[in-house]
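Student: Okay, so TrEMBL annotates it like this:
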BINDING   21, 22, 23, 24, 25, 49, 50, 51, 52, 53, 54  ATP binding site
DOMAIN    1-79  domain 'Phosphagen kinase C-terminal'
């Protein structure tokens, strides 16, 4: 469903807006042990998930890393 003000409205609220989520599965075995990992990703406006999707744990230091911002940005600005 499309809303002129909010963009695409999907079943997952984290995808509200452009609906553009660019993610990659990456293995970060050493960084995943670093307590600064979450802060580093926040500063880069990235989020981490397990490779099974939202609310799954990373296995063996492998994460799904994707853009954090979707709402209020155009597709061009997101990239």
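For all residues, glycine too, the Cβ spot is worked out from N, Cα and C.
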Student: If we count other C-beta atoms within 10 Å, could you say which of the binding-site residues 23, 50, 52 has the fewest?
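Tutor: Counting other Cβ atoms within 10 Å of each of the binding-site residues 23, 50, 52, the minimum falls on 52.
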Student: Hey, what's the Cβ neighbour count for residue 25 (ATP binding site) at 10 Å?
Tutor: 12
Student: In the domain 'Phosphagen kinase C-terminal' (1-79), how many residues does DSSP put in helix, strand and coil?
Tutor: 17 helix, 23 strand, 39 coil
Student: Can you work out the mean pLDDT of the predicted model over the domain 'Phosphagen kinase C-terminal' (1-79)?
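Tutor: Mean pLDDT for the domain 'Phosphagen kinase C-terminal' (1-79): 84.
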